[in-house]
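Worksheet for the structure shown next.
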């Protein structure tokens with residue numbers, strides 16, 4: 001194939017299949033994904049508004065929760081609207097650049113979320129193990145800097161991978177057997193050896209997940225040791241309850257991500273629609289559950305949301321009058 005033809009072919013749009021083998025059920029399958037997306041938008045928006053409007057929530061822990069809410073909103077919006085377009089309107093075509101932009105957002109904000117979860121574990125470590133220095137170590141400006149550093153890290157590790165992937169010639173079929181531009185499904189369409197990009201993505205994923213997981217485990221291990229030394233049982237329960245919500249989010253994020261990744265890598269004997277459904281639910285369910293976990297586990301967030309709802313209800317009544 002000539003260079004010109006290869007270039008022209010590589011810039012052609014891709015086609016998303018949705019759920020391979022279950023195309024006839026796309027409308028029914030779309031219902032839970034539509035529901036989770038609506039709940040994601042409502043839940044995370046409420047968390048952001050509650051933290052923004054309630055001054056008692058202007059603390060580092062709630063700033064990190066707000067960062068997770070923003071990540072979840074961007075993450076879901078990068079995936080679900082196009083997914084629903086495939087399910088509802090059979091709008092399968094996605095532009096060459098748009099496909100890689102979607103992939104970039106998915107993987108970049110996965111890395112950013114991992115960094116924010118690490119920051120949350122450090123926040124709880126300082127609050128419980130060194131409370132007297134908490135306000136001097138984790139100031140508002142330092143919290144923002146940590147968030148920006150997580151964003152820069154995510155963009156920094158993903159930009160080289162996107163350069164490697166976009167430079168590959170895609171001269172095979174344009175059909176992606178997925179409901180979004182999934183990395184491994186895309187690589188299989190390249191007509192040259194993608195071993196360099198595969199090696200890079202494997203190293204980056206291992207280093208990011210491995211390093212963050214080690215530090216998170218260490219932080220919560222130290223927290224658990226300190227909590228068990230507290231003289232008051234009420235204080236122990238309060239600390240464990242606060243950390244319990246964080247641990248729930250961390251387990252949901254890492255276990256779901258690893259399960260999705262390994263099913264894509266070692267898929268022999270597994271039905272394609274099972275692989276795709278697991279990946280789709282990993283991208284859509286955690287962003288919906290995160291604000292629910294905050295609301296159930298954290299009374300401060302609950303109070304902030306109820307206060308916000310009360311203000312909105314009062315505003316509606318006054319406008320009606």
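Placed from the backbone N, Cα and C atoms, the Cβ positions cover glycine too.
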Transmembrane segment according to TrEMBL, located in which of 143-168, 169-194: 143-168
Positions whose Cβ lies under 8 angstroms from the transmembrane segment (25-49), at least six residues beyond its ends: 18-19, 65-66, 69-70, 72-73, 76, 80-81, 83-84, 86-88, 280, 284-285, 287-288, 290-292, 294-295, 301, 305, 308
Spatial neighbours of the transmembrane segment (61-80) far in sequence, C-beta under 8 Å, 6+ residues away: 33-34, 36-37, 40-41, 44-45, 47-48, 51-52, 102, 105-106, 109-110, 112-113, 116-117, 119-120, 123-124, 127, 140, 143-144, 147, 150, 180, 249, 283-284, 286-287, 290-291, 294, 300-301
Other parts of the chain folded back onto the transmembrane segment (243-263), taken as Cβ under 8 Å at six or more residues beyond its ends: 68, 110, 113-114, 117, 120-121, 124, 128, 205, 209, 213, 216, 220, 223, 227, 270, 274-275, 278-279, 282, 285-286, 289-290, 293-294, 296-298
